[in-house]
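Features of the protein shown, as given by TrEMBL:
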- B:6-24: transmembrane segment (TRANSMEM)
- B:66-84: transmembrane segment (TRANSMEM)
- B:138-159: transmembrane segment (TRANSMEM)
- B:179-199: transmembrane segment (TRANSMEM)
- B:278-296: transmembrane segment (TRANSMEM)
- B:308-327: transmembrane segment (TRANSMEM)
- B:403-430: transmembrane segment (TRANSMEM)
- B:451-478: transmembrane segment (TRANSMEM)
- B:512-537: transmembrane segment (TRANSMEM)
- B:558-580: transmembrane segment (TRANSMEM)
Amino acid sequence: MSKLLRQSFVLLLLMTVITGVLYPLAATGLAQLIFPHQANGSLVERDGKPVGSALIGQSFTDPKYFWGRPSATAPNPYNASASSASNQGPTNPALADAVKQRIAALRAADPGNAAPVPVDLVTASGSGLDPQISPAAAQYQLARVARLRHMDVARVRSLVQRCTQGRQLGLLGEPRVDVLKLNLALDAGAP
Amino acid sequence: MTTNDYLQLGLYLVVLLLLVKPLGSYMAHVFADAPNRVTRFGGRVERAIYRLCGIAPDEDMGWKRYALAVLLFNLLGLLAVYALQRLQGWLPLNPQHFGAVSADSSMNTAISFASNTNWQGYGGESTMSYLTQMLGLAVQNFLSAATGIAVLVALVRGFARRSATGIGNFWVDLTRSTLYLLLPLSLLLSLLLVSQGVVQNFKPYVDVPVVQASSYSTTAKDAAGHEVTTQAVVTSQTLPMGPAASQIAIKQLGTNGGGFFNVNSAHPFENPTPLSNFLELLSILLIPSALCYTFGQMVGDRRQGWSLLAVMLVIFIPLLLACTAAEQAGNPLLAHLGVDQHASALQAGGNMEGKETRFGIADSTLWATATTAASNGSVNAMHDSFTPLGGLVPMWLMQLGEVIFGGVGSGLYGMLAFAVVAVFIAGLMVGRTPEYLGKKIEAYEMKMASLAVLLPCALVVIGTAIAVMVPAGVAGVANPGAHGFSEMLYAVSSASNNNGSAFGGLSANTPFWNVLLGACMFLARFPLIVAMLAMAGGLAAKRHVPESAGTLPTHTPLFVTLLACVVIVVGALTFLPALALGPIAEQLMSAMGH
């Protein structure tokens, strides 16, 4: 028994050093050497200063920007230091109420638009930090953004296309539009 | 379901099955008794470890000594994780200055990670220091996975050996799983993940100014009880950092599932692209499937391994399709509000609440099914927000006892317990002494196998009953009605089968839930391991019975069907009444428009 205990103890110590210290250090060293940009959060810069991460969404509520997915993080949406989802069940009345409010807000920002709203634009994402919306959700907001920025619709559409990624390797995942990248491109093109 | 849904699911299964043979055969070499080119390659490091620990690698342990070693080693690991959380405030590598974790939460998390469950009552980025994540949680990710594999290998030796007293050496099995299997695969996977954007550094969190400032209001009560609303303006965003990739790699490969960040693999820093998603998904089922092949090779009849893998697939694929169809159909209660849930070239459509745009429906349901079939428990979409039938699938997959792939090692030893029950039932039908893999199955083996099959079932049913009756249990529920019951049933099912995923709305970081779920996780793991090792010891001591005309062949479609039926019947009979009160009731209400 005491022999087993001693063996357990020393083996746990050695394994802690190997898997808990050497392994993450080796992974960090290699990652920083080969993929430094990604390993440090894929930061996006404007005029040499970081303005966010390409992978983490930000809150956009101004109608002249494209809006992202609703976010359920607390206390404010897109709080990157406390990722969370709504966890509302499908029959929870609070979910239907929240969706109604989001539809109302979208319609208020764009009174002429009576098209059905793409589902990802009115449902909270899993992380609360989803950086992307579906191409359908971008299309839905296109006319509004162009009008409020006094830009040509075709011009905005080409910016949207530039910020759209197809399925990875032509098969995996879903087509998607990077909201932060798109809004930065809009700001750069037309203030 | 869309064509792309089918293509993605199909590609996943094809790639997975292509990897079964190479990895399975590699693992058979790792655990072979005779030295071979794999074990010679790392022999130096291995021998140095044994020397430092005073381990005699050629000592062949009897089942009791093996079990004692497993228990002692895991208990020490559990205490280490507990101590790290309680002391993290005074320890280094804590750039966010997190204080000590509460006693009940630390206990729950320590059991959770030592038992390969990785249930998380806390939010990673707001609770745990880098040191706790690395030395506590990540280490247990490796060691609990290696323990599961070791116990399986010991059980397989029980079938393979004849008239033997020993079932192998736990220290050797544990060290080899870690050094030859988990470490190299994890290092490879973590680099692939970083290439996609998963963070891997030791920096403090980064503050960045946001493009559009926004404001929000919070309402709180002041000292006099009046409601006070304060306006706050948000001009910056704090991006979390840390050594995430290395930990995510092992949490996927070792069927652990405990995320670095609160929302697990839904977090863009944990799972940034569809390709990272594919790799993480592949890692969930990779080792559990390949171990079937290893098992076949070790007992000297590969068909036996393939037939167990076939049983898993026969149950897995229909449930995967059911879950995907339910989620792709969307939420009927949102349809009449003016929401477009139809799939098209421009959107995934379906039920997108709690799902990420880049994953859409197919990648989210494939993950939900794989992570609950295996006892992984990581998530890339919120199961709590799934449609009632879409959420029933992951819940039931856990309740089946985590044998459809299951945890690394633990899934297959659970399935072998079911196989013993199945040959016993077949033996009863024709009135012959049942045999499995040339070993007579007698009362002792049946007792151990029944214990392994029934203990998790009992824990789920009794645990849920306690939670429902106690106010402290019901207090954690977030959603009203039948769905609230589902949240509790899901949590107890997850803990009692060492899965670790959750209907996340449940506020489970309370003393009641921490203690209840901690007890379920502990009892589902360690007594089961002892039962399996006892069975291994009994089997190893038996002589080999040559096949006769009365032997039921266990590699045929007939046996695959029989075994699948046993698994389903046990799962259905035990849990249908509870499921009827939860997801099934909710589905009926949803269909009626409530």
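Cβ atoms here come from the backbone N, Cα and C positions, even for glycine.
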>> Let me spell it out: take the transmembrane segment (B:278-296), skip the flanking residues so only those 6+ beyond its ends count, and list any with a Cβ under 8 Å from a Cβ in it.
In response: 12, 15-17, 19-21, 23-25, 27-28, 31, 145, 149, 152, 156, 181, 185, 189, 192-193, 196, 248-249, 252-255, 265, 271, 302-306, 308-309, 312, 363, 366-367, 370-371, 373-374, 376, 378, 380, 405-409, 411-412, 416
>> For the transmembrane segment (B:308-327), give me same-chain residues lying six or more residues beyond its boundaries with a C-beta closer than 8 angstroms to one of its C-beta atoms, as numbers and ranges.
In response: 1, 5, 9, 13, 20, 289, 292-293, 295, 350-351, 361-362, 364-366, 368-369, 373, 386-390, 393-394, 396-397, 400, 403-405, 412, 415-416, 419, 560-561, 563-564, 567-568
> Hey, which of B:66-84, B:403-430, B:451-478, B:558-580 has the most Cβ-Cβ pairs under 8 Å against the transmembrane segment (B:138-159)?
Replying inline: B:403-430
